[in-house]
């Protein structure tokens, strides 16, 4: 069992020491000595069994401040809240007029509501708590003979070897053992505003402060540049951040502060403002107006508006009865007030949200911000990255062009990591001259051209990836570690006999320095020294345009038939254009194209000292010059099979999809057409619009905001995209009234993730910084999961509307019935209520709570992605929703009044008796029978109404005759709702026929011949509800908002509908404002 941090002590712990003290603090020891004392290996790490044992001994790597689920706090929240308070006021009114039965039943129902709310909120809290573990930080750890895996950061132990890359939140205090341009933001710990450079070989004095320990990285700091490895020496409360947490010991909550002047004094006005603010904080929290998600706060506001309306209704009841202080008048007023209150709304919303997050996890979506659940249903545009999201992220080097030599092509393979899979063909043609003929097969290891060897030097050495054969004896499988692009290049080089690792592990070369990939220069280079000759070379790869800018010469392969040579010739404008044409030819094949360059063998590079490289004093601009262009490599990242169907579902759902990628425009265009973001018939697009549909970031950023707003359409594809371009795209979409979801994985994506309405981070390849800036995280980095999230968001939105409509339409029916019923008075001139307070509460709290919870669990409608996103202007309260409330409420009110009137006037000659609001007497027989009929009708309508709302437009009886078995299975699919309806249906019988319970408590009577009215009016309700749905279907089909029955759109139809505005030959398009 893992020891929780709450039970561990840090008394006597020395800053910089390990959980189990070392001979000296880690910053005072060499990395080798730290590894020795922690009994670990820097290359292979700990074994899993040893890591488990250390986790048992040292406990979880956390700060021990998570309180977890608190049942008592949840129970208190059920009792001390505004809803219960209002019900208690009604209870007080009942007891005040000595209406003991109504008061007792109301007390019982309040207790039931509290118990149900407690159980459901407890389950919801447990669900949310379980999801927090999915949001927890992760760490890339080296264990089990060098295998790199990603684990929960809480499972790190002293002695673990961790890998560090840009964007990582460092999970524990660790001693650096490898640092390549490694810089860390330690502002959270030290207050230092600038990133701090880290070195692996430095050793410091014992009294060196944390800010000056340049060989140590600290928990919760962030990698801003470079990469590295480190040995964990302190976890949890033994880390520097843990010591601070122990010293502070507060919950980190946002607190209101007293405003003081420069002398530290506060005025009387400041104290009054502070006191008023604290009071509002408490009231807002108590009333639910300042806590929870936006929808929860909006519903809390709605509840208080309705409460105000309830008070007005109660006053109307009192006025209609001349403000008499009689008990029955007060009870009538209480009944009317209770009839207006949607008492189950907040409870069911909480349950629905918690259940929604759980379903999303099953669909590879982890919710970090509950607000996003509400926002997803309104997304109108998705801005997605290409690599690893729309594509598989498993890259294969398909083509390599070497100037004046020819083109190598790699055939299709199912194993992207194996250099032995797939055939290699060669043709002396350039890519721009090739059609479908890739040339003749060759044996890669037999290819010895000098220009090819220089090319392979760059592909294998300017590379951090490793490709190795599996350790199993006789195994034909291969393993790869590193970036997907670099793995593809390393596999390609390994096909030709290269060792499968970069310069850092080369036997022939010694790596002197590395200039890591930077989004501002789009290049990566390594400085290497040849071990035999001592010659220093620079090997560079990167974006074609950026690499060419550093190349005044180009490599030309030549052969006299006996000797093969490689010489550098000036890079003329003609040759420059040739390179660009070949790049575009490769890009049109959907390949990501990189350029490879190096300095010539005779080129001079100034001497580089180890100290310069170690301290990061080398400037890349001093070395990435005077290079020789060596060739192009085309890397294919196949689209995910599910990307194209998902994009077309987005088209069907009215969601625009934009691809923002760092690739070349032609590569981006080819992939965008393949997945359906761009139309297949691009040649039919007007030239000016075709140019706008695919833009480079340079062209996009060159346009001002006014010019972007003047475009008929924003581009669907932005190539060579920079992080700032993503922010501008979001802003441009916002100005057009769009609601945007944006994907991101890097540190630089954080601004766009925060600017988007829904920020979506990648769970597998995303940085910790990007995840912390996002609203949701995709656990599989798959575009299809974004659609899953949108679908779930719409489902949750629909279900919220369903249960809100269920209770609010019933409220309309209750209030309308009781207010109209004021006209029916007994012999004493007192209005007779058609439904008693107990009946209303029984329906709302007993039947309503369960059926509405069942509606919250309802699965998505089959048409959920066939309609446009919901309007953010209206939110939940769309025109259709408001019309439904009025329509269904009116239908139910008519049914209620009809059932009461038919019985009282048809069977009992309009005899209203005397004091029938208080007790039973022989004169009240007709009133009690009519009331029972009205109550039974409403109860059945109420529970069947839940089934009617399963689909807001489709008929409840759709398929009942055509395929009865499938129709019944659809009802049974939501078992919670099914049994809620069944139990609600039969629960009326004990309330009607149990003596005392019926006459004394519910103030109604068992019925006989009145059952015919109940059945007839219930059928009338179904006719009214189905007629309303039919009218809606006709209306929406005429507006093309809803598909006609049996209609199904093919991909071609969807593409035509999605891009018809681009095919248009006129210019009637106008910018949406």
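A Cβ is built for glycine as well, from the same backbone N, Cα and C atoms used for every other residue.
Automatic prediction, not curation, is the source of TrEMBL annotations.
Checked against TrEMBL, the range among 47-65, 104-122, 123-141 recorded as transmembrane segment is 104-122. Scored on C-beta pairs under 8 angstroms, the neighbour of the transmembrane segment (803-824) with the top count among 329-354, 840-860, 881-908, 971-993, 1013-1031 is 881-908.
Long-range contacts of the transmembrane segment (881-908) within the same chain: residues 801, 804-805, 808-813, 816-817, 820-821, 824, 834-835, 874, 925-927, 929-931, 933-934, 937-938, 941, 945, 952, 1009-1010, 1013-1014, 1017-1018, 1020-1021, 1024-1025, 1028, each at least 6 residues beyond the stretch ends and with a Cβ under 8 Å from a Cβ of the stretch.
Taking DSSP states H, G and I as helix and E and B as strand, the compositional bias 'Polar residues' (437-447) has 3 helix, 3 strand, 5 coil. Per DSSP, the domain 'Cation-transporting P-type ATPase N-terminal' (25-99) is made up of 45 helix, 1 strand, 29 coil.
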